[in-house]
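Novice: OK, TrEMBL features for this one:
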type: COMPBIAS; residues: 630-649; note: compositional bias 'Gly residues'
type: DOMAIN; residues: 43-233; note: domain 'DUF2207'
type: DOMAIN; residues: 290-577; note: domain 'Predicted membrane protein YciQ-like C-terminal'
type: REGION; residues: 622-649; note: region 'Disordered'
type: SIGNAL; residues: 1-36; note: signal peptide
type: TRANSMEM; residues: 255-274; note: transmembrane segment
type: TRANSMEM; residues: 410-428; note: transmembrane segment
type: TRANSMEM; residues: 434-454; note: transmembrane segment
type: TRANSMEM; residues: 466-489; note: transmembrane segment
type: TRANSMEM; residues: 495-515; note: transmembrane segment
Amino acid sequence: MMTRRSGSATRCVVVLYACALLAAVAALGFCPAASAAVEGPERILDFESVVEVKEDASITVTETITVVSRGRDIQRGIYRDFPTEYSGAYGEREVRGFEVLAVERDGEPEQYHTESISNGVRVYIGQQNVFLEPGEHTFTLVYRSTGQVGYFDAYDELYWNVTGNFWTFAIERASCTIRLPNGASVLQVAAYTGPAGAKGTNYIAGFDDQGDPHFETTAPLPPSHGLTVAVAWPKGIVAEPTDTEKFMQGLRANMSSVIVLLAATVLFLYYYVAWFKVGRDPEKGTPFPRFRPPHGVSPAGARTIMRMGYDNKAFAAAVVNMAVKGYVEISQEKALLGSTSFTLTRTGKTARECNLSRGEKLAADALFAGSDIAGISRSNRINIRRAAKRLSTFLELEHEKVHFLTNKQWLIPGIAITLFTLVALALASRQPPVAGFLSLWLAGWTTGVTFLLLTAYRLFRSGSIAAGLFSSLFAIPFVAGELFGLFAYSQVTSMPATAGIIMLFLLNGLFYFLLKAPTIEGRTIMDEIEGYKLFLETTEKDRLNIMNPPDVTPEVFEKHLPYAMALDVENKWSQRFESQLERMGQPSSTYSPHWYHGSGGMRGLSAGAFASSFSGAFTNAVASSSSSSGSGGGGSSGGGGGGGGGGGW
């Protein structure tokens with residue numbers, strides 16, 4: 001019996017509790033005050049600013065901001081952004097001082113913390129672990145700022161962005177009072193409302209009880225809209241910095257530009273001294289036509305000597321020389337989209353029988369890798385890369401320090417100066433970690449972009465138009481990334497500093513070439529090669545001016561073609577040969593060398609076009625094998641000092 005009563009009592013308690021809970025929920029739903037706590041937008045009810053202009057040209061600003069919090073964005077408090085860095089007319093930095101003096105919430109002192117942002121300081125009002133009750137809260141921020149007064153010929157002025165134009169909330173009412181020093185009269189006033197750049201007139205202006213200029217909005221300001229005011233007074237009331245003080249202020253504000261200017265000067269002077277010491281070329285001799293290359297110099301060697309370095313076209317010239325000597329045959333076929341493909345086939349003759357140079361033999365062994373067929377395509381990129389590496393290494397050992405000096409060791413101090421400048425700029429910036437990261441990122445990214453652009457340039461130059469277009473299109477997003485990175489870097493340093501860094505990199509690149517110099521022996525060989533080049537590029541019209549030039553028979557043409565390719569005169573050499581054939585009554589379109597096989601011989605494709613196409617195929621294959629890599633009415637809303645914006649957190 002007791003058990004049954006106990007169960008009934010329990011059920012009654014549960015029912016009563018449920019009814020009470022439902023009643024409470026219903027009451028809460030119909031209670032306007034409770035509903036208002038969770039409904040409606042978060043907004044700024046009142047933004048009141050009082051700006052006191054001091055005789056020392058500093059200002060003290062008291063901002064009283066009343067907000068409605070719903071616990072969404074405004075959970076712990078609000079934040080206020082204050083710009084301290086601006087760009088001058090020439091991209092130079094202009095810095096304003098900023099110091100927080102006091103912070104309150106609802107009349108009581110409140111904790112706050114600050115952090116650097118891209119162009120200034122963000123003040124967080126509130127505590128990380130303390131959440132606000134929904135409803136109205138009033139925040140007071142008092143701060144001091146310097147460098148805000150503008151000095152003109154007839155007056156001084158405070159051009160002040162009161163609210164900032166980047167609040168995430170609407171501002172129902174905004175007002176500002178400018179308190180001038182004793183004895184200052186107001187010459188002119190102006191105000192602007194709306195988004196940045198607007199000249200809205202939703203305000204009234206007058207004077208308060210103390211006779212100070214007072215501005216007040218007449219309509220709510222939506223998010224990203226603001227109130228800007230300007231007040232002018234006679235000169236002599238506020239201390240104006242001297243020219244020396246202005247210069248020193250500008251110097252301190254633009255320390256990054258000073259650093260990079262000094263670095264560029266030091267770098268140029270260093271490289272000039274280095275060039276004067278080791279980079280000046282011996283005096284050139286007087287070139288005269290020669291009908292043969294210097295003894296013992298291969299086509300690839302001739303190109304390496306003249307360029308004082310190796311490139312992919314030297315490889316192509318070496319392979320064509322192998323074909324002319326009978327070691328390989330070249331087959332050409334039309335591929336997709338009108339492009340061409342080349343295949344090399346060994347003839348069975350040995351390198352000794354064909355009198356290949358040592359560099360050509362090393363390249364051939366790596367290119368064929370035990371096979372008798374080698375395609376000049378991406379599918380054979382591993383062997384092509386290995387062959388190119390062997391040839392370049394051999395040519396450098398054979399000619400560097402013998403015929404020319406690269407003087408690369410003299411680049412090390414220049415690179416060190418550049419790296420030291422990047423570190424110094426990062427430390428002098430407002431956000432050293434960001435500037436440091438961007439410096440490292442740009443160093444690597446710029447290297448990759450440079451490689452992509454050089455690859456596209458070489459493809460176009462070698463006649464491989466389709467591959468050049470593809471490489472150019474492929475490089476576009478990377479170039480866009482480079483421009484974005486440079487812009488981001490300029491935001492944490494300055495535009496002049498960024499331009500200076502670009503200058504440093506260009507100086508390093510320029511003197512990479514200028515520091516190269518031929519030796520005395522190398523200069524003699526270069527004179528001989530230039531005389532030989534003079535013979536190759538002489539047209540049929542001018543050939544009689546050369547003493548006893550040989551007739552350009554097919555054998556003579558083929559013998560000199562690899563050298564013409566190596567010296568970038570293959571088109572002129574081919575035109576001379578074609579003129580010779582036509583003079584002999586033989587159409588040039590019927591000519592086809594014994595080492596070349598293609599659809600229809602070389603009809604429709606001149607020998608010069610073949611050389612360009614073949615060089616382009618090698619360049620494309622080798623490149624593909626590489627690793628990826630104011631108050632007078634001239635102002636507007638958002639102008640002047642101050643500004644910024646804010647939000648909740």
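For all residues, glycine too, the Cβ spot is worked out from N, Cα and C.
Remember, TrEMBL labels are computer predictions, not curated facts.
I'm curious about the neighbourhood of these features; can you describe it?
Specialist: Averaged across the domain 'DUF2207' (43-233), the predicted model reaches a pLDDT of 90.
With a cut-off of 8 Å between Cβ atoms, the residues of this chain six or more beyond the transmembrane segment (255-274) that come close are 92-93, 407, 410, 413-414, 417-418, 420-421, 424-425, 428-429, 493-494, 496-497, 500-501, 503-504, 507-508, 511, 514-515.
Sequence-distant neighbours of the transmembrane segment (410-428) (same chain, 6+ residues past either end, Cβ-Cβ under 8 Å): 255-256, 259-260, 263, 266-267, 270-271, 274, 278-279, 435-436, 439, 443, 493, 497, 501, 504-505, 507-508, 511-512, 515.
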